[in-house]
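A.B. asks: Just dropping this structure here.
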Amino acid sequence: MMTRVFALLFALLMLPGAGRAEEVVAALSQSRISITANFDGSEILIFGAVKRDQPTPEGEPLDVIITVAGPEKVETIRRKDRRFGIWINVEAQVIGHTPTFYTVTSTRELADILPPLTDSLWKITPDKRILPGMRGLPAREALIRLRKADDLYRTREGVVTLSEDTLFQTSITLPSNIVEGGYTTRIFLLRNGAVIDSYGTTINVQKVGIERWLYNLAYQQALIYGVMALAIAGLFGWGASEAFRILRR
Amino acid sequence: MQIFLPIAEVSVNAFTLLGLGGIVGVLSGMFGVGGGFLITPLLFFVGIPPAVAVATSANQIVASSVSGVLAHFKRKTVDLKMGFVLLGGGLVGSAIGIQIFNMLKAMGQVDLLVTLCYVVFLGIIGFLMLIESIRAIKRAKGRPGGRPERKKHLWVHNLPLKMKFRASGLYISAIPPIAVGVMVGMLGAVMGVGGGFIMVPAMIYLLGMPTKVVIGTSLFQIIFTAGFTTLLHAYTNHTVDVFLAFLLLIGGVIGAQIGTQIGLKMKAEQLRIWLAVLVLAVCLKLGFDLLLPPKELYSLGA
């Protein structure tokens, strides 16, 4: 019993990743997401197991927290106020790197399994992950509120299923208004309010096919793209007038 | 069927866009307007970013104007010379308009400018149209046989640089048409509209052009102004979405044909009253949004 307590303390004190009694092994249903013309969001299945070289420890149950963070972006946030009787933007503030998407899922209520200190150390909940240094500033709170309203920042408690203290799985829905880039996925194993192991991987989200081609053309060959847009419009206008002339006859 | 728009970067139902294009097409067929003033706010409503909505509307207007002007060419109701003069002003106006648009975009005031333009112009035009068409109906009920039409000669026509516009039967200074062109070009770039709803009354009442050549000539010059605007938006802002334009177009051309048929069955005065009511409704909706306190004071992005 004493050795077990010591082992636990040891694990608590150790830096993450070293000397682990329980390890997480995980996989994703897909590590690459392609934005095609009919892309309408995507669901990723995340599953895994806890690998042990000794019997399951007694006491507090095991918990799993999974986070997915989208690519980071510098954002401009504006505030409206009443001027001359109408509501206009009066103030703009540039806010540093924040993920365009962030989701936290867990086996149980975060309040029960994640003490604030552990949360701060690993930056797990949105409050600790998104600009914690700016807490209380109206612009930061508004950014989180707006992203939550758009369902881009989410906390889903109790949606990770864990069976036999060994196998876990969950699914994460990526929205359709997704930003291209790397989506960092982190999986945490927790016991007694401490992270005993973590695992990280990246999901790549990319436009493909005609989406990729048009996007690149619009940005890299803007003039050609513009001419093409006009040509399509002109041809279509002419085609429509001809088609209906024939139809009317 | 969901479609991911490559430039707007949102996924939208393709049938919603076809339907939007269709509704606006029906209206434009019924009333003979480009419909840009309706499609831009409607695109905001379905979640297209305002900058993309404005630029893509311009692209769509090119197509509907090409389609319309071809019919007018066959009927020889296009005053090419007047068209080119208006166009000269229009291109200058577009370039200025894009500059204003980009400057305000950087300041975060582009939504305000676009909305204000809509409220002011839709308000004025809707109101004038409503009064004019109610009067026309009263006149029609009162006594048949209207007063004979007299060609008015305004002081603006006597400015220097006089030119002959044969198709319009006018001999006037080139300055007023250029000024009208600049105005409409600027509005087009800022509001994502062809400006037909401003151009047509200006040509009739300010330039004194005969009504039969007005629509064709206006469409002719709008092709180029809207085309130039599209090109500038594509080049400087990368905000033209060809997928979006394409879907709106398909709905638009089909709707326009249906609208023309409906329009033929209705009385002209009644048509104009309904158009005026529609224009005023859009204006009031946008106006209230400016006056009422918003639910969320903060907004993200450009």
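Glycine is treated like the rest: Cβ placed from N, Cα and C.
In case it's useful when we look at the structure, here is the feature table from TrEMBL:
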- B:12-39: transmembrane segment (TRANSMEM)
- B:83-101: transmembrane segment (TRANSMEM)
- B:113-134: transmembrane segment (TRANSMEM)
- B:178-206: transmembrane segment (TRANSMEM)
- B:213-236: transmembrane segment (TRANSMEM)
- B:242-259: transmembrane segment (TRANSMEM)
- B:271-292: transmembrane segment (TRANSMEM)
A.B. asks: Answer yes if the transmembrane segment (B:213-236) and the transmembrane segment (B:83-101) have at least three CB pairs under 8 Å among residue pairs 6 or more apart in sequence, and no otherwise.
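C.D. replies: Since 3 or more Cβ pairs under 8 Å link them, the transmembrane segment (B:213-236) and the transmembrane segment (B:83-101) do come into contact.
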A.B. asks: Quickly jot the same-chain residues contacting the transmembrane segment (B:178-206) by Cβ under 8 Å, restricted to those at least six beyond its ends, or write none.
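C.D. replies: Result: 33-34, 36-37, 39-40, 53-58, 61, 65, 85-98, 100-101, 113-114, 117-118, 121, 125, 128, 154, 156, 214-215, 217-219, 221-222, 225-226, 228-229, 232-233, 279.
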A.B. asks: So if I exclude everything within five residues of the ends of the transmembrane segment (B:113-134), which remaining residues of that chain have a CB under 8 angstroms from its CBs? That is, six or more out.
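C.D. replies: Counting only partners 6 or more residues beyond its ends, the transmembrane segment (B:113-134) has Cβ contacts under 8 Å with 37, 40-41, 50, 54, 100-101, 104, 187, 190-192, 197-198, 201, 269-270, 272-273, 275-280, 282-283, 286-287, 289-290.
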A.B. asks: The transmembrane segment (B:83-101): which same-chain residues, six or more beyond its ends, come within Cβ distance under 8 Å?
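C.D. replies: For the transmembrane segment (B:83-101), the list is 54, 110, 113, 163, 174, 177-190, 199, 217, 220-221, 224-225, 228-229, 232-233, 236.
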A.B. asks: Residues sitting near the transmembrane segment (B:12-39): Cβ under 8 Å, six or more positions beyond its termini, same chain?
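C.D. replies: Tertiary neighbours of the transmembrane segment (B:12-39) are 1-3, 5, 46-48, 57-58, 60-61, 64-65, 118, 121-122, 188, 191-197, 215, 222, 244, 247-263, 266, 271-272, 275, 278-279, 282.
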